Each structure stands twice: as structure tokens, then as C-alpha cells.
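Asker: Provided herewith is a single structure, encoded as C-alpha cells, for subsequent inquiry.
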Amino acid sequence: MEQYEFLEQIGKGSFGSALLVRHKHEKKKYVLKKIRLARQTQRTRRSAHQEMELISKMRHPFIVEYKDSWVEKACYVCIVIGYCEGGDMAQAIKKSNGVHFQEEKLCKWLVQLLMGLEYLHSNHILHRDVKCSNIFLTKEQDIRLGDFGLAKILTSDDLTSSVVGTPSYMCPELLADIPYGSKSDIWSLGCCIYEMAYLKPAFKAFDMQALINKINKTIVSPLPAKYSGPFRGLVKSMLRKNPEVRPSASDLLRHPHLQPYVLDVKLRLNNLRRKTLPPELPSSKRIMKKAHFSEPAVTCPAFGERQHRSLWNDRALNPEAEEDTASSIKCISRRISDLSIESSSKGTLICKQVSSSACKVSKYPLAKSSVTSRRIMETGRRSDHLHPVSGGGTTSKIIPSARRTSLPLTKRATNQEVAAYNPIVGILQNVKSPEYSINEPQVDKIAIFPLAPYEQDIFFTPMQRKTSSKSSSVSDRSITKDKCTVQTHTTWQGIQLNMVDNISDGSSSSDQNATAGASSHTTSSSSRRCRFDPSSYRQRADALEGLLEFSARLLQEGRYDELNVLLKPFGPGKVSPRETAIWIAKSLKENRDKTKMVDLNVSREIPHVGLL
């Protein structure tokens, strides 16, 4: 009771009162029905508890809404139900001032009442007190059937014999003390519809005996001529004396005259259900709107409980999607960062990095999407948690990448402020540059590390180096990807690991570092392919051994800056795959062992690129 604020008393009866209250938190009005238990018979107390139990289990759009119930100090049964602003039907008849209701409105009310009774009867519940004062109207003039104080749950034979109810609405079999069933409610409803149409009770007398005689003889005045014959026939069929020929609620709902109203009521109910459903996930048109990724960490609303569609699939399902609000885009950044961490935990190595040059997704039909632009290298078993770009529709060539600063870029990329690159934000940072599509997977200045197999020499011969330098003007080669195969392209990207402070002295260590930088042998003319087996324990052990040996050497020589760069990928909280640093160490180890085989003059021709 503490949750409700008392407003006024709106009704009073022989067993209790009805109070208008307001919920303190919801600010919504309800009706508090207080049924007095003190100084009442055992039957009355049992009926009060039965009403509280029955109404708490009912859920139907045309039955009063149940909110709460309790027993107050063992003196009152309190039932909180929905408030109907339109009052009851008896009040509506009085307010009509002799003006008859339209037949369409009466048919709508009749259909709603029949649906409510059909719900009760299908659950073996008899209302037993259907009358105009127990039929309530909402603000929208819809029906709510209430007051279940005399309701009864039927047994297996679906009949009862107790004489209860309001005499003017009692059926002949009840007055004759004959067991009755659900057809008694149909008789009472017929009396209500007659009263709503005629604006006077169907049966009225000065004494009880005269009333019983009228009911038994079914003596009623004809309905006004303004109502159609089928409607008057419906009311007459509900007032048949023999319950066996009296139609049920289901039979009446199938009557041809009521079919348009039945369909209209059902359509309104379906629309109401759609409005009350939980909101859907944001459409892809709102998710993929134009904006720039400029901040890595933002708080965005949750996508929903299921999240049955990934962000990449949303883009693929809606090729016409364009970017709009920054808040929606920040949600994507947050989501992709989660995917990157999840994928790296499964050992997935992503070997493609887009530079700060802008890229844009061009929209092509399904028939043209034949080349997959993502480049994913799996270490061990495949990760099912990585969300790939859909190959069946318009595909974005921007892939969640996780490169760290331990992977060097070229000078040109450095000049474009790649040093300030944020791995979480940058994956989709510049989605607006033109003329890039799945059919022309083109990447501007990408630093690619070709990983050689264990048995293959990773160094160039002098002839190969000269060929590489001559073909440096060739660019714009296509990118292909086949499991662990990487095909490199664009201009020759020399990557030199500058491990020596003094380069001008021409020491052997400087030559070795220059030669190690040439290990990324990307030739534009031949597009050389390199294969390796990431599941080979022998190769991994050898690479780790080389990493430890080279780290010890740097530590012994006091080259702490280079040691810091080498071991930085192994720090906590990193999302990039550590295999990159392992293979670099393997290259450095083999470089040291094969220094004598490298031509020093060729190594000096390689452009110097500082380690990022």
C-alpha cells in the first residue's frame, strides 16, 4: 500500500469499496478494490480470496488489467487493477440521454466481450455476474470485463448449480435450479447488449415472481428498427431459453455479420503487439554512416542481448549503407577492438596493414566480387571468432589489423604520420578515399614481411638485388591470398634494421644490419611467393633460440635501444601476434651466420630506413 497514493473513492458496494490511487513511481492511475473480510460469512471470504487468485492469473486485452494484490491486516483483500477512464457501461447508457448507440460501436463492443468470455470459458471459468455495471470502458472506448467476485472454476462436467448473480441478468436454467454452464454467461451478455441497444433493461419487474415469469417466457420488447436484421437476430439468439440451442461465444464470433469487426479487432491487437515489442538492433544504415575514427576508446550503447549480426555482415547485407553519426561509428570501433583481442587470443596473425592513405569501399554488384581482399595468416588451427569480410556481397577491403610499432614501415609511410597510428582506431580510420574496390585490391605503401620456409634461404643473391632495384618503378600489383601464402606488390620496400649507432665507420655489424634489412625481398616484377609452416615446432624452436641469442648479444654489447625494440612485442597487453618478432629474430640469426656470403657493395645500395 505504501507504493500507492490515495486520490478518491469512486465506488462502494455491500462487500467493500473502490478507490482511485496513483502509483508513486509509475505515476499511473489504478483502482484499488478493498473487499472487507470482517463480519462476513465464510463463503464471502472464500469468494474474495478466489477473486484475488483468479484475476492474478488472467491475461487478456479485454479483461481488466491486474497489477497487484495482498491481504491487509487480515481484514481486507486488496486488489489493484487497471483504471478505466470511460467508466462502466451503465454510466455510459445514462449519459447517452436516450440517443441510441451506432450499430458499428455495439458490434465492436460485442466482439470484444465475446473474445473475453471465450478466453474465460476456454479456461473453464464462469463469470456468473456479467452485467452493464461490470463492463468498463477505457479512454479509447474499448471494453474491459471486470468484477470476478462470483466467478467459478468449473469441474470436469462444466456445470454448476449455485444460484448467484444479479436477478435481471439471470438465465432461465439458473432460476429453475437446473445445473448450468458457460451458456449462462451468453444469456447475461445478451441482456447487456439488449440494454445497450434499447437503453433499457431486457427484463424488469416490480417483484421477483414477475421477473422470473418474464425471463422464463422470454418476453422482451423488439429492438429499434434502426438496427439491422442480422444484429437483432444475434441478440435474439443469445436470449434463447433452451441453453442447448443458445450459441456459444465461439459460435457467435463466427457469425457472418460480426466477421468484419472480428478482423478489425484482431488487426488492432496485432498493431498494438508490434508497438510493445522491444526495439530492434540499429539498422546498418545508421551504423555505417559517414564519420571519421578519431578516438580509440568510447562508451557506446550495447548492441543487444543476442548480437546475432556482426558489424561486417551488416555492411555486406546493406551495400548502400553510408556513414553518418560519430556515436554510431565509435560503437564500431569499440566492437572491432574486441574482435581483435579475441582473434589474437586464438593465435591469429594478421599480416596486412593499411597506411594512412585514405581508402574507400566502392560498391559493386555480387557478380564482380571475385577477389577477397583480406589477408589473414593463421597460426595453428583456424580461429572461428574472427569476423571475415563477406565475400558474397560488397566487401570492404579494410580489415581489423593489429600491427605494432615493432613492424617497420617505409620512409614514405613515416612521413604520413604513421608513427602516431593507433591500432584500434586506425582499422577503419579513413574510409573515404575514392577508387578502391574488391576488384582492384590496391594498398598504398604497405610494409609486408615475406616469411620464408625453414629450408629456404631468405637472402637475395647479388643478381636478385640488382633485378629488384631495376624494377623499383613498377607498382600497383594485385594482392592474392591463399591460406598461408603472401604475394607482395608495389614498389620495392627495403626494410633495414638499423642496429648500430655509428654507420659511417663501415663496420661488419653495420653491414650485417643492412643485409638483414634486405631480407624483405619484395620484387614487383616476379611477385615472389614465400611459404612457411607455422605449426612446425622445429621452426618455432629455432626462431625462439635465435631471438634469445640475439637478445643476449645486444645486452652484452649494451645496445639497449635496439634490445627494447626487439623485445617490445612481447610486452603485456599487446594485441599484435608475437610470431612477427620471432621470425625477425630468425632472420637476424641467419643473417649473422651468413654474413660472409653477402656482397657488401650491394648492401650499401639499399636505401636506409630507420627502425620505427
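Counting begins at 1 with the first residue displayed.
The backbone N, Cα and C atoms fix where each Cβ goes, glycine too.
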Asker: Of the candidates Lys27, Lys28, Lys29, Lys33, which one does Swiss-Prot list alongside Ile10, Gly11, Lys12, Gly13, Ser14, Phe15, Gly16, Ser17, Ala18 as binding ATP?
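Answerer: Given Ile10, Gly11, Lys12, Gly13, Ser14, Phe15, Gly16, Ser17, Ala18 bind ATP in Swiss-Prot, the matching entry from Lys27, Lys28, Lys29, Lys33 is Lys33.
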Asker: Quick check for the class: what is the C-alpha distance, in angstrom and rounded, between Asp129 (active site, proton acceptor) and Lys12 (ATP binding site)?
Answerer: 17
Asker: Within the domain 'Protein kinase' (4-258), what mean pLDDT does the predicted structure show?
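Answerer: That region's mean pLDDT is 90.
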Asker: Using Cβ-Cβ distances, find the residues under 8 Å from Gly16 (ATP binding site) that belong to the same chain and are at least 6 apart in sequence, listing them in sequence order.
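Answerer: For Gly16 (ATP binding site), the qualifying residues are Lys33, Lys34, Ile35, Arg36, Tyr76.
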